[in-house]
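Chemist: Quick one: structure below, then a few questions.
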């Protein structure tokens, strides 16, 4: 242990960290970090760690194993948890609470290639962080309305891109998703449906239409709901926005990979997908579906809203743990 370290209790360090981040991030981001770090505080209490000066790389590895077992976490969930711990430990270095460079010993699972791609999703906590940041700093922007519609509706990226201004019904608070030759849906006519929106989402849509949406038409003479100055955005533009805004550094969470922004390849135009933490629009859809199911929305309702069969939903989209499923069944049966 370095003689220059100043003793500090874990809880005090966490409070200092949250106070430091409060002006920099949206409240949803701060709440998510506080939630994740509460687990670290539980572990410290359980292991009698009352001074962070004592924390070592081996301790952090033990915490990682404990957190995975304690929470029955997926690989992606554990990565999110440990990424936040790394950012916190790096802050602790700056206040002489832990040994220098300790954050480099906080190891997160690596999600790359085809490894568990069917399990990769945007988790609820991260989605709320992103939307909270957009609401505070980029309200009613193209990025805000795109990410909000993808998360709140679970529609495929191509389906959101296909929407026209006239597909939004402010009186009924809903969208009409339609299959058209120039903007086809994956399931064609079978993909057509109405999607109910919350009042809050409608407010964002209406503010976008009133104040931010460029007054343009596409090559078909239609008015795209999502629009750039050039017209309807290309699907690659939609996907790139998702990759950019799921990078933690984009919404104020700091880089969990300890990269230099000036040298990070994911900072280059069109290379946001190179960030290990960024996810695709399909991962956003998978996360939205899992979120709806976790909130006890019936599978049939989710199936109809997201335009996916219940069989495919079970096989490829539902990423709830078996522990969550059994507790939901228990609550349902207890109410009968």
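We number each residue from 1, going along the chain as drawn.
Positions of Cβ are set from backbone N, Cα and C atoms, glycine also.
In case it helps, TrEMBL gives these features for our protein:
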COMPBIAS  256-270  compositional bias 'Basic and acidic residues'
DOMAIN    8-93  domain 'Core-binding (CB)'
DOMAIN    117-330  domain 'Tyr recombinase'
REGION    254-280  region 'Disordered'
Chemist: Could you break down the residues of the domain 'Core-binding (CB)' (8-93) into DSSP helix, strand and coil, giving a count for each?
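Modeler: Across the domain 'Core-binding (CB)' (8-93), the residues distribute as 69 helix, 0 strand, 17 coil.
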Chemist: As a quick check of your reading of DSSP, tell me how many residues in the region 'Disordered' (254-280) are helical, how many are strand and how many are coil.
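Modeler: Split into helix, strand and coil, the region 'Disordered' (254-280) gives 6 helix, 0 strand, 21 coil.
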